[in-house]
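Copied over from TrEMBL:
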- SER149: active site, charge relay system (ACT_SITE)
- ASP226: active site, charge relay system (ACT_SITE)
- HIS261: active site, charge relay system (ACT_SITE)
Amino acid sequence: MALKQVSSNKCFEGFQKVFEHDSAELKCKMKFGIYLPPKAETGKCPVLYWLSGLTCTEQNFITKAGFHQAAAEHGLIVVAPDTSPRGCGIEGEDESWDFGTGAGFYVDATEDPWKTNYRMYSYIKDELPKLINANFPTDPERMSIFGHSMGGHGALILALKNPGKYKSVSAFAPICNPIQCQWGKKALGGYLGPDVSKWEAYDATQLVKSYPGSHLDILIDQGKDDQFLSAGQLLPDNFIAACTERKIPVVFRLQQAGYDHSYFFIATFINDHIKHHAKYLNA
């Protein structure tokens, strides 16, 4: 599968690059950011996948999160894909900020007209890692995942649905229980149809209840003044309760007053997350 380099910038002795490719899964052109640490010039490195939130492209994380220095120090390749298919010509794809373009929700849609292109779950789980492993100096056995908001939801469900695939998982302000919040009801209803039992397959709080217990150490950071926390969109308490019941280890850090849902919050604690993953990826 041909990769076209869009940009390349030296950063902390490594390179932050952006590539474009034709996605077989999504049937459109897709971009992803990839940071290659200095260690990638001499050997294979583990890969950490970042999933962004609603309205984001691959650019938000690579320009705002400030992760490069820690990734360089720990020798991690960091991949940041886009959040949805783009320009598919689907009626209504650009009508709202929380559904369609920029809002793929990391599910495989089953409903018309979305099911042909909106297959972000399979894209992140299968197509993208194969592409990365075929074109970059990766160690395919060492892979972890993290994300923010809708992407935090994506990271949690991918880790929970695929025991052992990812060495570790973490999230910033994730949508923890989408079947119970307005964002989730809109997205899951639109992509998967009205049967709520089908939505449960993409809900971290539901998935953890039947997680088979392969070791998974979860780190979640949540800002106390996150407007979407107070609006009932994130529902971390539901997820924590489910993890506690199943004895799944989760570190939940409610960060002090003033921290919100923005990339300023992410940039403040990103080094902790990189360290969390490096502990498992470099073990």
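Using N, Cα and C of the backbone, Cβ positions are placed for all residues, glycine too.
Just so you know, the Cβ of SER149 (active site, charge relay system) picks up 25 other Cβ atoms within 10 Å once every protein chain is counted.
Note: the CA-CA distance between ASP226 (active site, charge relay system) and HIS261 (active site, charge relay system) rounds to 5 Å. All protein chains shown were included, and the count of other CB atoms within 10 Å of the CB of ASP226 (active site, charge relay system) stands at 22. Cα to Cα, HIS261 (active site, charge relay system) and SER149 (active site, charge relay system) are separated by 8 Å.
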